[in-house]
Structure formats: C-alpha cells, structure tokens
Amino acid sequence: MRRTIDWDGDAVTIIDQTALPADCRVLRLRTVDELIDAIRRLAVRGAPALGAAGALGVVLAAREGGDVRATAERVAKARPTAVNLSWGVGRALDKLDEGPDAVLAEALEILDEDERLNRAASGHAAEIVLDLCDRRPLRLLSHCNAGHLATVAWGSALGVVWHLHARGLVESVLVDETRPLLQGARLTAWELARAGVPYRVQPDGAAAAAMARGLVDCVLVGADRIAANGDVANKIGTYGLAIAAHYHRVPLVVVAPSSTIDRSLASGAEIAIEERAPDELRTFAGATITPLDAEVFNPAFDVTPAELIAAVVTEHGRYRPRGAR
Ligand code: MRU
C-alpha cells in the first residue's frame with residue numbers, strides 16, 4: 001500500500017481520507033494553504049501522519065518564500081491536540097538556516113523513520129499484549145483509526161494487530177465506529193478487510209456491553225499527546241472505553257511513537273483539546289439529524305488518566321513516567 005503521506009518532488013501527496021472507503025484517491029497539495037485545509041478537513045489525520053504533514057508544510061513554506069517561520073506556525077496550529085504536528089514543524093524548521101534542501105532532507109527522514117518506529121513500537125506492544133492476556137487467539141478492540149492511514153505507513157495500535165495476525169494470534173477485532181467522523185467504520189474496517197483480519201464494526205456505545213459479555217481480551221488505541229505522567233489524549237470516547245475496560249479488568253494498551261510524548265506537560269489536564277464544528281454532529285451523511293439550531297458539544301479528543309492504562313508503549317518499549325511504579 002502506498003504511503004499515507006509523501007513527497008513527489010514537487011508537492012505533498014496524501015491518500016484522501018475523507019473519500020475512503022468508497023474511493024481511494026490521492027490528492028496533490030502544492031501550497032501551504034492547501035495542506036492546512038487538508039489537515040483541518042481530516043483528509044490527512046492521525047498523530048504520526050500529522051508529524052510528517054508538519055515537516056512537509058515547512059518544505060512548502062520554504063519554497064513559497066516570505067516569512068517561513070510565521071507560515072510554519074500556521075501549519076503547527078492547524079490542529080491543536082496532536083503534538084506530532086508541531087514536533088514535525090519544529091524538526092524541519094531547525095534546518096531552515098541550512099537552506100531548503102536541508103529542510104526537505106529532514107522531512108524525508110521523518111517519513112522514512114515513521115514506519116520503522118511504528119513497526120518497533122507495535123512489535124513491543126504485541127509482546128506486552130501477549131503477556132497481559134491469556135486467551136489465544138485474541139479478541140481485540142480498536143477505537144478510531146491508528147493504522148497505516150494514521151501514520152506514514154504500518155500504524156501504531158493497529159500495527160499490533162498486523163504483528164499478531166501474522167502469527168495467527170488474532171481471532172477478531174471489534175471496531176468502534178468512532179463518532180462523529182467514523183474513522184473506525186470507514187478507515188480501520190477498510191484496513192482490516194484489506195489485510196484479511198476478521199472484524200466487526202460496533203457503535204461506540206456497544207463497547208462496554210461487549211466487555212461485559214466477555215468478548216474483549218484487550219483494548220488497543222493510539223495517542224495524540226502523552227503527558228509526562230502518562231496521561232493520554234486520544235480520540236473522543238477513549239476515556240469512556242478506559243473506564244469500562246478498567247471495570248471489566250480488560251487491559252487497555254496505548255501505542256505511539258515517542259514523538260507523541262510531550263514532556264513539557266506534567267499531566268493531561270494541560271493538554272489542549274480541539275473542539276470541532278457543530279455541524280459534524282448536527283448532520284449525518286449530508287442530512288440534518290438534529291433541530292437546526294441544536295447546541296453541540298463536540299470535542300475531538302479526551303484525556304485518559306495514566307492509572308486506567310495498562311501500558312503506554314513506544315519504539316523504546318514501555319513508557320514509565322518518572323516516579324511511577
Ligand atoms: O481526529 P483524528 O482522526 O486525527 O484522531 C486520530 C486519533 O485520535 C488517533 O487515535 C491518534 O491520532 C493516534 S493515530 C496512530
């Protein structure tokens with residue numbers, strides 16, 4: 001499968017995630033404004049993929065000229081929660097004084113290392129899942145999309161499924177549809193189908209009932225920002241999942257590249273949570289489903305406290321906050 005986000009020598013190319021699963025089309029983004037628009041519309045999304053988008057945004061900004069640092073700042077702020085976006089911008093900007101070629105080389109290095117790091121993180125996480133769970137083969141639960149499409153390639157939480165499936169250790173995956181934008185139903189289900197992994201899509205509200213019925217051995221999620229103490233911001237609904245998983249003694253494992261850890265934040269309380277447009281909830285498949293002027297609460301992410309998480313796993317293995325047991 002082609003990279004989710006790449007550079008073709010003249011433009012940023014992305015798989016348009018708003019069109020999947022009906023249409024797997026590629027968009028060419030030639031300007032910073034086109035890239036920012038794609039980030040805001042979630043045509044490119046997922047924390048590691050946003051890291052690559054941030055770095056490539058600086059490549060475009062350097063080619064456009066003008067105040068590159070100010071333009072890069074606009075890219076970094078296109079979405080506030082995933083720290084990877086500003087991390088990618090920062091890494092590329094650090095090369096600005098060496099010229100546009102150095103900026104491009106750094107961005108390409110981020111693209112290359114992304115798959116390597118995700119394979120490593122999900123490989124460590126697979127071993128941890130096997131330690132935490134006795135049942136074979138495993139019944140896993142996934143929320144949002146933390147697969148190939150959320151990264152440059154391979155995936156983080158879904159990468160664990162790829163590792164375990166290759167060893168014949170996955171019975172099935174329950175896929176939370178993920179409201180309001182259906183990243184699970186549209187994107188994760190599409191990836192699992194392509195890989196030949198048995199799965200069932202469920203409404204987010206069914207996850208606790210699935211655990212109560214004993215249908216889930218382990219919950220696997222990605223992360224958008226991990227505070228120094230191990231609190232994790234991820235797609236809205238993750239916190240509720242974690243509470244249900246804790247109650248039912250089902251381990252919840254978080255998988256992310258270490259660029260998702262923001263050591264400048266002591267706890268998850270300091271993480272900025274993106275609020276999305278009310279119409280994402282007022283409408284469904286183009287039709288209005290609420291009273292036209294319904295007030296809406298539409299946070300894109302929530303924060304799960306570290307105490308509800310069995311393990312946070314990066315390419316370095318298990319992340320243990322300083323002072324934690
Ligand atoms: O709003 P999205 O689709 O960008 O949210 C994505 C998530 O919450 C993912 O779980 C997270 O970025 C990790 S992806 C490896």
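Heads up, the Cβ atoms here are built off N, Cα and C, so glycines get one too.
TrEMBL names Arg45, Gly46, Ala47, Gln183, Asn234, Lys235 for binding substrate. Of Arg79, Arg263, Arg276, the residue it gives for the same site is Arg79. Between the CA atoms of Lys235 (substrate binding site) and Cys144 (site 'Transition state stabilizer') there is a gap of 6 Å, rounded to the nearest whole number. The maximal spread of the substrate binding site, taken as the longest Cα to Cα distance among Arg45, Gly46, Ala47, Arg79, Gln183, Asn234, Lys235, is 17 Å. Within the same chain, the residues at least 6 positions away from Arg45 (substrate binding site) whose Cβ sits under 8 Å from its Cβ are Gln17, Ile39, Asn145, Leu149, Ala150, Gln183, listed in sequence order. Classification of Gly46 (substrate binding site) by DSSP places it in coil, neither helical nor stranded. Other Cβ atoms within 10 Å of the Cβ of Lys235 (substrate binding site) number 28 in total over all chains.
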